[in-house]
Amino acid sequence: MAASGGAYAAQLPAVPEWLNKGDNAWQLTAATLVGIQSMPGLVVLYGSIVKKKWAVNSAFMALYAYASSLLVWVLVGFRMAFGERLLPFWGKAGVALSQEYLVRRASLSATAHGATAKTEPFYPEATLVMFQFEFAAITLVLLAGSVLGRMNIKAWMAFTPLWLLLSYTVGAFSLWGGGFLYHWGVIDYSGGYVIHLSSGVAGFTAAYWVGPRLKSDRERFVPNNILLMIAGGGLLWMGWAGFNGGAPYAANIAASVAVLNTNVSAATSLLTWTCLDVIFFGKPSVIGAVQGMMTGLVCITPGAGLVQTWAAVIMGAFAGSVPWFTMMILHKKSALLMRVDDTLAVFHTHAVAGLLGGVLTGLLATPRLLEIESPVPGLRGAFYGGGIRQVGKQLAGAAFVVAWNVVVTSLILLAIGLVVPLRMPDEQLMIGDDAAHGEEAYALWGDGEKFDAARHDASRVGAGGGMEREGSVEQRLSGMGARGVTIQL
C-alpha cells in the first residue's frame, strides 16, 4: 500500500501516543455487552417473567431507568463517582459533556494515595464514561425487579435519578473511584457490592416502602412467556463477558481469566440449583435454572479476575446452593422476608449472592492476580496468607453498602411519597398495563373489536368459513390420535 494516511497513519490527532487501540476497542465492546444486558436483556426478561397484565409496565420500568440514568450520569453522576475527592465516600460533582474533558486520557484522580498509583487507562475519558454508565444503569434496572407489579410509574420516574445520585455514586466512589474503602483494601473486582449488593438491598427496602402486590398476584404470578424469559436470561449470561471482562480497563490477562471464570461459575451454579430443585421438588424448574444462572454470575463478580478457575467452580456451587436455601427455606420461616413483597427475589439473587461472592473473594483471591489487577499493594485472600483480616474488610465494606442503601433509599421514597403515591391504587392493580399505560402486551384481535366466537375462535370455524359442530372438531382430532377440548373464552 503506497500511502500511510487515513486511520492507520502513525501520527494522527485522533490517535495520541497514550491511546492503546486494542484496549479502547475492547472497552467499548465491553460497554456494549453490558448495555445489551439491560437493553434488551432485562427488558425482555422482565416483560416475559411477569404476569401478562404487567408485561408492558415491567419492560417500561427497565427501559425508563436505562434512559434516565444516562442524562444524569453525564450531567453530574460520573464525576461524583469517579472524579476528584470531595469526601472520603463521594467525588465532586461536575459535567462530563465538554470535548476538552472527554478526549483527554482517562484518569481517576482520587485513586492516587501514598504507595497506590493513580489509575490511568490507555483510552479517552469518553470511553470510561460510557463503560461506567452501563454499570450505573443496570444497577437501577436490577433494583426495579423488586417493585414490579404495583409501583406507581410516576414515583419510579422520580426515584431513578435521585437514587443514582444519592446512593449509587457513593458506593461507586467508595469502592472504585478512590474512596476510603478502595484505599483500605476492600476488594470488589466488578460490582458484587457496588451493583448487586446495592440493588438487592435497595430493592428490598423499596419493596417494603412501596407495599405489596395484590393478594391474587402474590399467590399466582406465572410468567407470560418462558421462552422469552430464557432469551432474556441468555443475553444476560453472554453480556457478562463485558461486565467482568471490562473491569480491568484493559484487554489484559485479568480480563481473560475473568471471562472464563464468569462462565464456569454461572454453569456450576445453574446445575447446582437445578439439582436441588430435582432433589427436593421432584422436577427441574426453568425459572429456577435462570435464577441459578443469575446467582452464579453475581457471586463470581467480586472476584472474577482475581481467583483461580477451580475456585470459580467452588464459588458457583455456593452460589447455586446458599441463595437457593435463603429463597426456598429461610424465606418461608422469616416474618420480615414474608412480609416484604420482593417481586423477582432480587434480595436473594443479588444481595445474598453478591455478599457471598465478596466473602469468598476475601478467602480465595490469589496474590499473583491481585498484583496484576489491584492497584492497592499487598492484598491477598485468607487462603493465601491474608488471614482473617481480608475477610473482615470484605464484611465491613458490605456493612457500609447495606447501611447506606437502607437509609438513603428509605429517605428518597419517603420524600417522593409526600408528592405522589408510591403504589398504584387497587383498582388499577386489578387491571395492570391498560390502567398504567393505556396499552397491552398482546393484541389478540383488531383495535376496538370484542371477542366474537364466529370470528375469533379458530377451533370452531370450518375451512369454508362456517361454524363447525363440536363433534366434528373432536372427530378430526381423534383421527390425528389426540383428544380435543373446546375452550370458550
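Don't overthink the numbers, they just go from 1 along the chain as shown.
Glycine is no exception: its Cβ is also placed from the backbone N, Cα and C atoms.
Lifted from TrEMBL, the feature list:
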type: DOMAIN; residues: 25-442; note: domain 'Ammonium transporter AmtB-like'
type: TRANSMEM; residues: 25-47; note: transmembrane segment
type: TRANSMEM; residues: 59-82; note: transmembrane segment
type: TRANSMEM; residues: 129-149; note: transmembrane segment
type: TRANSMEM; residues: 161-184; note: transmembrane segment
type: TRANSMEM; residues: 190-210; note: transmembrane segment
type: TRANSMEM; residues: 222-243; note: transmembrane segment
type: TRANSMEM; residues: 249-273; note: transmembrane segment
type: TRANSMEM; residues: 285-304; note: transmembrane segment
type: TRANSMEM; residues: 310-331; note: transmembrane segment
type: TRANSMEM; residues: 343-365; note: transmembrane segment
type: TRANSMEM; residues: 395-420; note: transmembrane segment
Revision key, fill the gap. Listed stretches 59-82, 161-184, 249-273, 310-331, 343-365 vs the transmembrane segment (190-210), most Cβ pairs under 8 Å: range 343-365
**Study point:** Of 25-47, 129-149, 161-184, whichever stretch has the most CB pairs under 8 A to the transmembrane segment (343-365)
**Key:** 129-149
Practice item. Across the whole of the domain 'Ammonium transporter AmtB-like' (25-442), what does the mean pLDDT come to? Round it, please. Key: 93
**Study point:** Long-range neighbours of the transmembrane segment (310-331), counting only residues six or more past its ends (CB under 8 A)
**Key:** 260-262, 264-273, 276, 280, 288, 291-292, 295-296, 298-300, 303-304, 337-338, 345, 348-349, 352-353, 356-357, 360, 364
Check your understanding: What else in the chain is close to the transmembrane segment (285-304), if you only count residues 6 or more beyond its ends and a Cβ gap under 8 Å?
Key -> 49, 187-193, 195-196, 223, 226, 229-230, 233, 236-237, 240, 243-244, 247, 257-259, 261-262, 264-274, 277, 311-312, 315-316, 318-320, 323-324, 327, 345, 348-350, 352-354, 356-358, 360-361, 364-365
Check your understanding: For the transmembrane segment (395-420), which stretch among 25-47, 129-149, 161-184, 249-273 has the most Cβ pairs under 8 A?
Key -> 161-184
Check your understanding: Is the transmembrane segment (25-47) packed against any residues at least 6 beyond its ends, judged by a Cβ distance under 8 Å, and which are they?
Key -> 55-56, 58-59, 61-63, 66, 121, 123, 127-128, 130-131, 133-135, 137-138, 141-142, 144-145, 148, 228-229, 231-233, 235-236, 238-243, 245-246, 249-251, 255, 344, 441
